[in-house]
């Protein structure tokens, strides 16, 4: 049996401040109160929901046997992951979103699935994040992390943008396209998939680069070593500023002539699942794959 948990930290985003999320949060509080668990909420949760539980400062998280319980969709868990890796605290999700690739537990299964997890009966995965930096010769302008993907986009530019991709200081190619998606295996079922990228098992140590509407028909998704260091050199021929976003959340300007460095973050997300979780079951149900021969 694995680590049992002594404290639960409830996390929900303001973006998800609706009746369904509120109902699940209160149901969690009622259930956790019967489990000999100290109950706290994150500051983001307290700003949007009226729970009668104390706020645990983020610098205090991870000091005991803590578990972050996310209520919402995959976007909420992506947001929580950037906090969780800094305090080495595991995360599990209650799905109140749409697809729910990362949030395993259905609202009606809170008691039956979360109870065993609290008592040390769960599967734990480590998922890596990408660390991103925008810089030039003089300054560093932005640093951010992404569990799913880092996306270079056109911003306000109406034409194809131009940039060079280097991997481990070796030129890969010059691109003219709408942008580039750099995805982890976790993010391979998100934006990268819609752009034609491959589905990668989450335990692969790999990164996929997916060009967006490239001008070249030979420009295809490229799967590379997860330990590689990637640099995007933004061409000075671009007429306006471009944008870099991390998980579609943190978006920053990147100017012509600047560089974007992307590599694996040294810290990993500890993502928990109930014991009956299976990755291929999730793929089949979320993507609508057939479960048996129909002949």
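Placed from the backbone N, Cα and C atoms, the Cβ positions cover glycine too.
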From candidates 131, 159, Swiss-Prot puts in the same NAD(+) site as 74, 75, 148, 149, 176, 178, 189, 190, 191, 192, 193, 194 the residue 159
Longest inter-residue Cα distance for the NAD(+) binders 74, 75, 148, 149, 159, 176, 178, 189, 190, 191, 192, 193, 194, rounded to the nearest angstrom, is 32
List, in sequence order, the same-chain residues at least six positions removed whose CB sits under 8 Å from that of residue 192 (NAD(+) binding site)? 149, 181, 183, 208, 210, 221
Around the Cβ of residue 194 (NAD(+) binding site), how many other Cβ atoms lie within 10 Å? Please give the count over every shown protein chain. 11
